[in-house]
Amino acid sequence: MASYTHTVEVENIPLNEISGNHSSSSDDEHSHVNLRRARTDVHLRERHNRESTKYHSYSGRERRVQYMLPSQHGGELLSSHTLHYGSEHRQSAWFNTVMARRRRGVSPNTEDEAVEELADAMEGDEKLMSENVDGEIMRREVLRELYKPLRVKKEIRRRLTARRSSHRYSSRTISRMQYLKYTLSMRWYKIRQSVLDTFHDYSLWHKEIKEIEGTFGTGVGSYFKFLRYLFLLNLTIVIIVCGFLLTPQLLARLHDDTSMPHTTTDVPVTTGATPLGFSFKNVSGKPGTVRVVSNSPATTSVAGTRRPTSLSTTTKKVIPSIENDDTTKVFGPLDWLTGAGWFESTELYYGTYRSDSFSLMKDVHYNISRAYFFVIFLAYVIYLIVILHRVIVLYKNNYIDVEHDMSASFVKKVFSSWDFSITEKKAATIKHRSIYNELKELLQEFLSEEQEEGWLRQLAGWCIKLLFWAIVLVSLGLLGWAMYAMLKSGIDKDIITKTDSSGFGPLVYPLIVTCIIIIVPWVFGIIVKVEGYRIPRHRLYVTLIRTILLELTVLGVLVGFWYMHAVDPNSTTHTDDSNTNKGIGDFKILSESLQEADYCWETSLGEEFYRLLIIDFFVVVIMQLATLIFFVATQKQITKGKIHHYLLEFDISRNTLHLIYNQTLLWAGLFFCPLTPVIVLLKITIMFYIQKFSVLKFLQPDERPWRAAQTETVFFALTLVSLILSFLGYGFIIFRGNASSSCGPFQGCHHYIDCLWNAANNNEKKVLNIFSWILKPGVVAGILGILFILVYCAKSIAEGRAEMIKVLRRQLELEVRDKAFLLQLTDKVRRGEYRPASPAHIRAASPPRSSPAAPQDLTQRSSFVFTDNKVHPVHVEPEPRHFSDYTDAHSSDRYSP
Amino acid sequence: MGNNKSSFLEEELQEYEDLTFLTRKEIITAWSRWEGLIGSNVANNKATRYPAETIEELPELKHNPFRDRILRVFSSQRDHKLSFEDFLDLVSVMSDKAPLQLKAYYAFHIFDYNEDRTLDGSDLSIVVDKLTGAEELLQEQKKKLVDRLLEETDLDGGGISEEEFKHLLTKCPDFVHTFRFSI
């Protein structure tokens, strides 16, 4: 046999059709039967054997041929719009037109030609040129996303507009109505765009964040962006709380004052006016005049006349001091820190809010207790929805879509490691060093991958980790118990020594808590290094989880303690005693009237939260100051040790965790101290400037690499966890907790929810029923279950896709080998090593529609059949040919059986 | 900003706004930055081209190891010079609003040092060199790295092609966070 035909099938074309004509060689048949199978095997074997060298790398000449392939020109033109991943998968018509031209081998040589071609193609696209807003928007998007310089885009746009206007002129088919509609919707689109642009341009702290990113890179920038996010979120809540809760309450006070003037208390108002008004202004950020009046004892005495038996402890504290004409006692300087004393009678805490409705106009009633319930509930729900949404988006983008294609982790590290926003030399140097370290770390990882660890070693590693986890958990438990004991002894001591609660005493507990919150995470950071997690990211995650557990323990103990304290009847009487005794001696009558009223535990808890927030703030400020002093002191020293470096480093994760802690405090304290969002808002604002100053002036950027995307997701997830826990705690207290019977909006009810029940009419009861039904444990569990199922489904879909990706990848590799083979072959043909078969033979071997002569068919895979007619020298017996032959010429003998 | 606005005609501004991912304010800021680079009295023509060395002085580019490539890729006539419109292109691609695919397209060409439309071993080793800056990896370490890189991603041999590169970056959420700066 002189000629030898080797037919390769790329897609499933019936083999008989082709090979039937020349059933000459038996090994031909053999290679067809197990074709697909054999390819895969060969491929895998090969990859394994020849690790780093590519099996199908081209030599120089073939490479040149490769660039002539149509597929190499496709990418140049693709505009990202056509490749949108997700919903929009279809490529637009103009793009297909251009691609069709490319396939025919037509490509523009000069820029003018390119412009002409694109403009023509776009002109032909009906959807793109349609005379409505969609068309307009589409045109804008398409041009924007074209991979061409601005000049070319401008030219194309000009031509399109010119043609469009001439077109419109020639066919005046649009009615007046349509035209109006078009103009209106176009204007609407423009307005929307400009509003969005304005938000973009004047986004909060835009300049500051840019500056920080320039000097520190996006890692530190992400911390500040998180801060801004929380600020905006809290701002919304502040507006809601102030608008629907604080203002009505103040109006009610004002209303009472003006309608029932009390002459006896006029004098103290004037004496107390300036300090009170001024100081309160700082807390709430509102004009002080209303508060001055509202804070006057008039209110309390009004309350007293209306409800003589239910004077709260707060009332008691204010009245005696005013009547002693001792204004400093009304507002002691320490009250700032403790949140007690004068603050107790303000709207800062739960206890001051009224339980009745008032009406400014006739027949319009505003029930404060209901408002209290709904505003707080609404605030939680808003927080929940916003953060949940954010977590879902981040999780989807950064985990589900990404996770399963881990093949390229290394490439990612190279291509996305440089931070293009860096503008400072110092930052650039540090970035270089950090990338260097990371790459070295990666190389080491490869090495350790290659030498598998023994199972004994692995087991030992696991044991160590388990042991450390146990230690951490036990110590957290002990810590919680210690806190509880401390709180209890603090209360007991109060009773014994009868100290005034406005002294330094109450500050001890929050001070300790804050120190714990700041110091223990450092310890965790050290522990985790000993434990031997190999991947730095795991180290970070473990530390994060532990820190969050710590915070939850501390806050859980705090809330739990006060709650139990309130529920437990023994302790209530204790506090009663303590309260009555705390008063200044000569108010026996008042104290007696207080005997039956119990202690307002919500207010006390609110005070605790206030103190935690304030002390935390001061500690942070002091620490920053200390760092500054340290910096100034050591600036002249030439030798800068490790500790120096450590202290002057901006640790992103620690700082972000601190923000989350603050936010958790807010959520936990929201019910007891409804103005926490205001405090946190102010705090965040001040923190922003302090941090900015210290970051820009004397701190060093973190040298460790910071993977913003995935870490951000984890941080948000942690925020969500703490929010959900606070929300559940709130729900529990609302339904099961015992309301203080003498203070706050829910006074006189056993459970909080009862008040709403009593006040509601039939319609509202239905709503309430729904609420309570939603908050039932079973329902909550059900909702969570559904969520879990949804997440599970999403994950399985992603896994399915990952499988598919693997299959397609393999397929692609095979096709690529085909391509390499073809290129080699064409090259050989050109060099004359192959003699093309006679035309008759080709006709017989392949149906005309798939003749390889037409270049455009090369890309249409479904109809592509290649026939290799090789003329062997007569004296040599043709070797049996197999698929593996066409990898490259030198290695063919290696894989043939 | 007020007097800067006068350097643009209304239609011009509108056109730039339509064709880039920038807002009106950003375009004006870009203009003032541009004037800061080349001197305000010289240029009022948006198409006049200036040598890349002048534009390199932009803080965002000054310390970027890929600045020469960036300027080359964004020079629309490949003549080592940039006009204001080229500069606007650069700022637009680097803005937050530019889609990932567009960023990836330009990133690909920036990393493609030998301009053969594939990222091969030689390109990658230069990229790694530029990334590590002063502290260079050993030759063999670099080779191992590059080999590994190609092995992980390169499906069709002969280097990473543009489409492969784009696909890769869609799986890489960090890229959009780093391949950006705001004007």
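Just so you know, glycine gets a Cβ as well, placed from its N, Cα and C.
Some features that TrEMBL has for this protein:
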REGION    A:13-34  region 'Disordered'
COMPBIAS  A:25-34  compositional bias 'Basic and acidic residues'
TRANSMEM  A:229-251  transmembrane segment
TRANSMEM  A:371-393  transmembrane segment
TRANSMEM  A:466-487  transmembrane segment
TRANSMEM  A:507-528  transmembrane segment
TRANSMEM  A:540-564  transmembrane segment
DOMAIN    A:600-709  domain 'TMC'
TRANSMEM  A:609-633  transmembrane segment
TRANSMEM  A:664-690  transmembrane segment
TRANSMEM  A:714-735  transmembrane segment
TRANSMEM  A:773-792  transmembrane segment
REGION    A:834-858  region 'Disordered'
COMPBIAS  A:835-855  compositional bias 'Low complexity'
REGION    A:873-897  region 'Disordered'
Practice prompt. Taking helix as H, G and I and strand as E and B in DSSP, count the residues of the domain 'TMC' (A:600-709) in helix, strand and coil.
Written response: 82 helix, 2 strand, 26 coil
Fill in: Segment-level pLDDT (mean, integer) for the domain 'TMC' (A:600-709)
81
Fill in: Intrachain residues whose Cβ lies under 8 Å of the transmembrane segment (A:507-528), provided they are six or more past its termini
337-338, 468, 472, 479, 483, 486-487, 490, 539, 542-543, 546-547, 550-551, 554, 558, 608, 611-612, 614-616, 619, 623, 654, 657-658, 661
Worksheet entry | Tertiary contacts of the transmembrane segment (A:714-735), as residues 6+ beyond its ends and Cβ separation under 8 Å | 226, 373, 376, 380, 383-384, 387-388, 390-391, 394-395, 541, 544-545, 548, 551-552, 559, 563, 656-657, 660, 663-664, 667-668, 670-671, 751-753, 772, 775, 780
